[in-house]
Amino acid sequence: MSTVPLDNTNKLLPDVNDDVTQGQSTMQKRVRQRLTSRRATAAAIIIAVIWTVPTFGLLVSSFRPEANIKGNGWWNVLTDRQFTLENYADVLSPGGSQSPNLLSYFVNSLAIVIPGTVFTLVLGAMAAYMFAWGRFRGKDSLFIFVFALQIVPLQMALIPLLQLFTKVLKFGDFQVLPSGTYAQLWVAHTIFGLPLAIFLLHNFIAEIPGEVIEAARVDGAGHSTIFWRIIIPLATPALASFGIFQFLWLWNDLLVALVFSGGGADVAPITQRLAEIQGSRGGEWQRLTAGAFVSIIVPLAVFFGLQRYFVRGLLAGGLKG
Amino acid sequence: MEDFADKGLQVVVGLAIFAAIIGLIMLVVDRAPKSGREKLQVAGFLAPALILLAVGLVFPALQTSYISFTNRNGEFVGLDNFVWMFTQPEALVTLRNTLIWVVLVPLLASSIGLAYAVFIDRARGEKALKALVFMPMAISFVGAGVIWRFVYAYKGAEQNQIGLLNQILVWLGQEPKQFLLDAPENTFFLIAVMIWIQTGFAMVVLSAAIKGIPTEIVEAARLDGASAWQQFRNVTIPTIRGSLIVVITTITIGTLKVFDIVRTMTAGQYETSVVANEMYTQAFRAGEPGRGAALALVLFLMVLPVVVYNARLLRKQKEIR
């Protein structure tokens, strides 16, 4: 599979972590030495420090006892060496209604994000396949129209979509997408993710060699067989790249959650809870620091574990939001 | 625990229903009569995505456009909401802030990202240095809000500071400052958070572009005796111009839609609101869907030219390839 030159968009851009140092001429080495002069290095280190210290301070603080967090700055840890896991126990445990109860919201985030990503990937790939290999009139203009939908900020859709879910899709007492469940969030996220999904996956699927698909057709395979047996396996790298992106985007979302989740512990994601705690008890730093770290641990794990795919997705599709 | 079992069940049921729908579609398109089979197959693959987009994005966007001409009771009021937006001081502040955001964030994030990419190009430990600056990309805006509110945290002058920035002020012999409360400079402290997040994106894309510059060009410039700065101005910048524009436009679009940072750090108070946040406040908190819709429409009109420009540029690049 890796021998098929499918990944056109990405191949043109060298991998972010490529080490190009091999086989350099002495000339280039000298150029390099001049460019990475001492001042440049110093500037780079300053930038790296500014970019890292805020997160580091949060992490350190999350392990300090409440009195210490509120009493002095986290940079005092060298002299004030007291650490505890109590903050994490506190924010995660399902205490009374006053407790952050973050474990519950953490589960909600997973329950929203996993189906939301799967739905978008499957429906997006199906449409992308037809736009790439189907034969029908008006294909190109329809594709451009779907591409153009990326322009519509999701703010444009929120008010009517909420009305649609709560008023129009309701027959008597029966709500097609019941409030108080994840269903509305799944559908909303899927809708907002589709234009980019279709566009990116189309670019990839269209590069699959036509002979492969023709051969299957001659053997009498229909579209569904071709799609599941050939397209999906071959498009795995693109699905992975976009999937990671969609996963992170949904995990980090706040706006869609605020509008569709209702805000309770049974549906709302962790971002929403964290925003709530910030609004109502902004001085509870022992909770905020530990809570923030719980909420960013999954994206950070995905980021450090799958950085390569993450960067690829970024280079291929730009950024969403 | 019962609670989690319940949530898990919801996810399983959701996925099962989805799988059933997809399975049904595949079954129907496979069993279709020979005549018109192709058409039915095309329709079956495209229908789910297109119906969702039509119902969830196209139609709502049109409806929002209409709502923007109505008042809180749903009566048609012509341009009243837009007049409100461009005459009332509180709405004008929102527009002014959005303008400041959209000028500063793309400019500074791209410049810092580019500088950093150049400084660390082929330096030792490049990979790790990149990850440090890139990491904020994976963190949610809400998480970033907590991180930075902690950096900006304020305590009276007689107390120990717990916010790093105020501690630095104290070390420099200054009075501690309420960074997020004092207008108008508080907007700039919010903007810093967005720059912190977006710089990594700019850096990664631009770094990939820099590595794509043919070595012959660099060598030729070097043989001609160009200084590092001249090389940067006359070789690097023109060669990566395309990527630079994509980065700037992408960050511009993201900045126009910025919501979470303002929502979680100040909730738009103290004269820090931006269009996307005010849209949410008006539509879902203040009971003014008309004003909210009008703001969403203005947001759309601001994003539109940037996206069109970006799309045209991408198409041109594709043609060159």
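Every residue gets a Cβ built from N, Cα and C, even glycine.
Going by TrEMBL, these are the annotated features:
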| type | residues | note |
| --- | --- | --- |
| DOMAIN | B:95-310 | domain 'ABC transmembrane type-1' |
| TRANSMEM | B:12-30 | transmembrane segment |
| TRANSMEM | B:42-62 | transmembrane segment |
| TRANSMEM | B:99-119 | transmembrane segment |
| TRANSMEM | B:131-151 | transmembrane segment |
| TRANSMEM | B:188-210 | transmembrane segment |
| TRANSMEM | B:240-259 | transmembrane segment |
| TRANSMEM | B:293-311 | transmembrane segment |
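Counting Cβ pairs closer than 8 Å to the transmembrane segment (B:240-259), the top stretch among B:12-30, B:99-119, B:131-151, B:293-311 is B:99-119. For the transmembrane segment (B:99-119), the most Cβ-contacting stretch among B:12-30, B:42-62, B:188-210, B:293-311 is B:188-210 (pairs under 8 Å). A Cβ distance under 8 Å defines the sequence-distant neighbours of the transmembrane segment (B:188-210), meaning residues of its chain 6+ beyond its ends; these are 100-101, 104-106, 108-110, 112-114, 116-118, 121, 130, 133-137, 139, 141, 144-145, 148, 152, 179-180, 236, 239-240, 242-244, 246-247, 250-251, 254-255, 258, 261-262, 265-266, 272. Note on the transmembrane segment (B:12-30): residues 37, 40-41, 44-45, 47-48 of its chain, located 6 or more positions outside it, place their CB under 8 angstroms from a CB of the stretch.
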